[in-house]
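Here the structure comes first, spelled out in structure tokens, and everything after it is commentary.
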């Protein structure tokens, strides 16, 4: 009878070794830019006249600022500075000397060789606690948004049914009908026009209230719109690496790395200014808007605006013929059509520009304060480009232009928390964090090498490869940011990676006590330990996912590092260790081997 040859053990296909080696090379290349680090820089976008590099260098030198290199490519200039402490000062100097339309943004430039950057690799992004900067926590006030929608319901209803009156109540809207208006017809109109509102009819009174689902939808839309507007405002400030994220139901967390003077950012982030254009009403009535002009004279406006700030796509501050500040406005196509149609039909009639912003009253509630900043008689048909005056000083005009370019908030926000971390403290956090990582890694490598001898060197090789893979993965992952808790996650990863190898080596020792050969013990040890390792890492991964889902900022940074560390620990602790051991001892038939 023909005997079957035993199945070979401790063998891996050649393609698996190739994949293993290629993966390690890619992770090493991805981790290299982080080793080189980053340099403080300024990004200049020339919207007007391009200033040459020599002139920029002279501006900086006259102010005592050292630049290591200046690179120009078309309308973009990158200035590499000698120290991050000079960034804010250099930005101020260049803003004073360059064309006013140019933007000067704080940035960090990778110090790695260009060939490495051209391959698509970049350094790990550092969080606020490691780089320094400012963090704001904003709360979105939804009450004015709900009131605006309630007022919209009243306006539409009273426009359709003239013999009616509406008022806002604590729980919604109350619509009262007069004369011969059919209440059932009115309620049918309400159900058709406002299907997301709950309505009830009692005599000639219709009561409306927003459903919980509609309020939640409205809150989500409002917060998302405010998030986008905040990102655009920060971009206008010239901050390129800011983080703007939603936190909870109605809060927004903003991190501005590298910013040390939060005053300017605070003014722009918390501003609630908006602009709208209204027709001037001939007579005051309950359907008009009563405001005051710049000289505090009462003026009546049509309640419905001709168009609002959402149609403004560009706004530039300037000085008019009389030496007064003005803002030149450009509208989108829809806004241009609205303005053109209105002005064509109202030549000779006055049009008012209304400036509105939210402020806190004595009770701490948000209330909108509006004022008419200019009233002009329409001389001719306007298009998508025109200018407004009466905006105050040139500084006021520049701030208003910035807000109009970025967009007005759909709901007022309040800064409820502000935290500033200096660059020196951030650098100290980096130093202390990586010192702790190096200490933990060094002690672990020493213990494993002494205790497990020859197999210990395999574990140490896998542990070093684990750190390389972890740094490489964090650098490759879009949006991943390394924080101080993230470094703590790296230290924890060192311990988990060692646990993997310790468990495998102890199983190998158990199999050798049973009288198996070294090769057989290696095969059975890896096989029996794998399920325990997988189950333990799976449960920890579930915790990491939960932390990332419900946490924010530093907690998410820890969760990302923990989760990626689990993956790299499995890859290096199980597969890389097995590949090395197979090559060296995979065919060792000795039974007396000290592990």
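Using N, Cα and C of the backbone, Cβ positions are placed for all residues, glycine too.
TrEMBL does not curate its annotations; it predicts them automatically.
The domain 'SecD export protein N-terminal TM' annotation in TrEMBL covers 9-106. Taken from TrEMBL, the feature domain 'Protein translocase subunit SecDF P1' covers 223-281. Annotation comment: TrEMBL describes 294-411 as domain 'SecDF P1 head subdomain'. What TrEMBL records for 413-582 is domain 'Protein export membrane protein SecD/SecF C-terminal'. Per TrEMBL, the feature transmembrane segment maps to 433-451, 463-481, 487-508, 529-551, 557-581.
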Mind checking which residues of the chain, 6+ beyond the ends of the transmembrane segment (557-581), have their Cβ under 8 Å from one of its Cβ atoms?
10, 12, 16-17, 20, 23-24, 127, 455, 458-459, 461-463, 465-466, 469-470, 473-474, 477, 480-490, 492-493, 496-497, 500-501, 504, 522, 526, 530, 533-534, 537, 540-541, 543-545, 547-548, 551
Quick check on the domain 'SecDF P1 head subdomain' (294-411): DSSP residue counts for helix, strand, coil, in that order please.
29 helix, 50 strand, 39 coil
When pLDDT is averaged across the domain 'SecDF P1 head subdomain' (294-411), the result is 78
Flag the pair the transmembrane segment (463-481) / the transmembrane segment (433-451) as in contact if three or more Cβ pairs fall under 8 Å (sequence separation 6 or more).
yes
Counts of helix, strand and coil residues, the domain 'SecD export protein N-terminal TM' (9-106), according to DSSP:
47 helix, 25 strand, 26 coil
